[in-house]
Amino acid sequence: MDESLKLTQEKDCVVYTSELLEMDEEGADQPMAAERDTWSKGVEFLFSCIALSVGLGNVWRFPFIALENGGGAFLIPYLVVLLLVGRPIYYLEVIIGQFSSRGCIGAFDLAPIFRGVAYGQVYSTALATTYYACIMALTIRYLVVSFSEVLPWTYCLAEWGAQCVATGATANDSSNFSTSLQGKSSAELYFTRTVLREPDNLDEGLGTPSKEMVVCLMATWIIIALTLVKGIRSSGKASYFLALFPYVIMLILLVRALTLPGAWNGIVYFIQPQWSQLLNPHVWYAAITQMFFSLAICFGTLVMYASFNDFSKRVNKDVIIITTIDSFTSILAGCIIFGILGNLAHETNVTDISKVVKGGAGLAFISYPEAIAKFKYFPQTFAVLFFFMLLVLGIGSNIGMATCVINVIKDRFPHLQHWQLAIGASIVGFLCGLVYMTPGGQFILNLVDFYGCTFIALVMAIAELFAFSWVYGVKRLCSDIEFMLNVKTGFYWRICWAIMAPGLMFLVLVYMLVSYEPLTYKGVEYPEAAYMAGWLIWGLGVAQLPFWALYTIYQQPGHSFLAKFRLALQPTKDWGPRQPQKLQAYLLHRQKVVESKQRRGNFFFDNIFG
């Protein structure tokens, strides 16, 4: 944004502030906006954010991302990224949501031309909700069979052929395991042949949904619907359990893991640094993407959750607590998993732990069940604990994503009852999820995850940071924070918002485009039609940016395109706190700020340090 445009905005600010004050005096007795739900207690926001952020990505994605990118050396860029990207963006989104008491769509009233960012984020979040429920369905399937007298993935079935090697406690000698390196373990065959019925490729189509998995998917959405049906107050109550209970199970598993022979070898293998990897750009790319999805930033959910806060809540402390707990959980989960896998390597006389693990979904549904099968005592108990923990973690994250989508619809159609939206969204989510219940469902999940979530989210994240930090401006944002919390914003936050976070995210996108290769699943390429569908999914999300930008410009009252464009960059006339008295105080505050504003150098310097 150039200097003349910024000056125009400052002049216009005084004008529309005066207009709004007059409007407020004329309609003081009328409510300015529909009453919005709030958390019953402030601590519910904290627990809900923990339940949202701490999920499957912490338990089974983080340890293997770390392993593939330098082990302990990965923790260094991960923590650097936490400080420069994760925590600042988390705080930024929470502040915007709390200040405006608007959902992710309404929050872009601060720069209406970028409203398409929010629509793109909601689109991406809705896609993620559908396939996240699929993972929960798999978890329920494993949880149910964990109550069996004999765990079904510990022995071979005749139809699996001679390549199968049983992984139960009675088969954990080194000769069997060396054979399994050449063949396939019963845990892997149970997952791919019995549960997924997965084909080698999509040449013969997706197939028909599995009846057992459809029932598990239905159970998942029933749990989600029952949690959401009474709105944010019911999900807030559920957050106590969803946030705290997984740690009870993780502590039990940690104690058990540390008492297993060979566990410390696995933990050392997990945290042992490979310093040469610090110079590898892919390690930093992996750290940023892991932080991005682990904290659930730039998906609209944090803005939505914060919009239910009390206007003066000191969220700066909550942000530090949540982001610290999220990173601590990732490291804790890594120690648990590698402790158990270290025991598996010890029992099978394998020195290279990387040969006993499988990444991706295989970690949760192949490697971990395989390790549990090696337990000589009470394997069913530990299987139940592990999969119940996964279910609780997944439900907590999925509720946050589903709530975001539901509240966008509710803000647009306030006459609809929340229970109607919750049930309707659950039914739609269930129907969409049926595609993942087919034999080729994991192929589709992988496709949607990449094109519909990862790729779209990166583009929207950069656009969001530009809108918040440079169009609306860091300087005005800090002024709003001071008005809301009576807190001065330090240079650390300002520099991260304006330079470090958007710069690093842009570099990630560039690296992703430069290193792009056709997506594969287990080394198998997709049909051309699947790639076209993937790009179509991506295009529908990214197209929200230009579509809503042009629509917003068209709606402005100016006589020329340039005049309309400038108005579309400015906050709407009712931008500010939703409460009438606070809005009036804020408008007076803004008028005083504009009238007394003094510049410190050029626009870029003034925006950051002004």
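Yeah, the Cβs are placed from backbone N, Cα and C, and that goes for glycine too.
Where the annotation comes from TrEMBL, it is an automatic prediction and has not been curated.
TrEMBL lists 42-60 (among others) with the feature transmembrane segment.
A C-beta separation below 8 Å, combined with a sequence spacing of at least six in one chain, links Val54 (Na(+) binding site) to Ala243, Pro246, Ile325, Asp326, Thr329, Leu393, Gly396. TrEMBL lists Val54, Asn58, Ser294, Leu393, Ser397 with the feature Na(+) binding site.
Marked as transmembrane segment by TrEMBL: 72-92 (among others).
Residues or ranges marked as transmembrane segment in TrEMBL: 122-144 (among others).
Other Cβ atoms within 10 Å of the Cβ of Cys156 (disulfide bond), summed over all protein chains shown, number 22. Positions annotated as disulfide bond by TrEMBL: Cys156-Cys164.
If you look up TrEMBL, you'll see 212-229 (among others) marked as transmembrane segment.
Feature annotation from TrEMBL assigns transmembrane segment to 241-264 (among others).
Residues or ranges marked as transmembrane segment by TrEMBL: 284-307 (among others). Residues 36, 45, 48-49, 52-53, 55, 57-58, 61-62, 65, 68-69, 74, 77-78, 80-82, 85-86, 89-90, 93-98, 100-104, 107, 118, 121-122, 124-125, 128, 315, 323, 326, 330, 397, 400-401, 403-404, 407-408, 453-454, 457-458, 460-461, 464, 504-505, 508, 511-512 of the same chain sit 6 or more residues outside the transmembrane segment (284-307) yet have a Cβ under 8 Å from a Cβ within it.
The feature transmembrane segment is assigned by TrEMBL to 319-341 (among others). When Cβ-Cβ distances below 8 Å are used as the criterion, the transmembrane segment (319-341) is approached by residues 46, 49-50, 53-54, 58-60, 62-63, 66, 75, 78-79, 82, 86-87, 90-91, 94, 247, 250, 253-254, 257-258, 260, 263-264, 266-267, 269-271, 294-295, 353, 356-357, 363, 367-368, 371-372 of the same chain, each at least six residues removed from its ends.
What TrEMBL records for 382-409 (among others) is transmembrane segment.
Per TrEMBL, transmembrane segment is recorded for 421-438 (among others).
The transmembrane segment annotation in TrEMBL covers 450-471 (among others).
Long-range contacts of the transmembrane segment (491-514) within the same chain, counting only residues at least 6 positions beyond its ends with a Cβ under 8 Å from a Cβ of the stretch, are 81, 84-85, 88-89, 91-92, 281-282, 285, 288-289, 455, 458-459, 461-462, 465-466, 468-470, 474, 477-478, 607-609. If you look up TrEMBL, you'll see 491-514 (among others) marked as transmembrane segment.
Residues or ranges marked as transmembrane segment by TrEMBL: 534-554 (among others).
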To the nearest whole angstrom, what is the C-alpha distance linking Asn58 (Na(+) binding site) and Cys164 (disulfide bond)?
31
Can you find at least 3 Cβ pairs under 8 Å between the transmembrane segment (421-438) and the transmembrane segment (450-471), where each pair is 6 or more residues apart in sequence?
no
Can you check which residue among the recorded positions Cys164, Leu393 has the largest number of Cβ atoms within 10 Å of its own?
Leu393
Sort out the residues at least 6 away from either end of the transmembrane segment (534-554), same chain, that have Cβ-Cβ distances under 8 Å to it, and list them.
112-117, 119-120, 123-124, 127, 447-448, 450-452, 455-456, 459-460, 463, 519, 526, 561, 564-565, 568
Around Ser294 (Na(+) binding site), which residues of its chain at least 6 apart sit with Cβ under 8 Å of its Cβ?
Ser53, Gly55, Gly57, Asn58, Arg61, Phe62, Gly86, Asp326, Ser330
Do the transmembrane segment (122-144) and the transmembrane segment (72-92) come together with 3 or more C-beta pairs under 8 Å, pairs six or more apart in sequence?
no
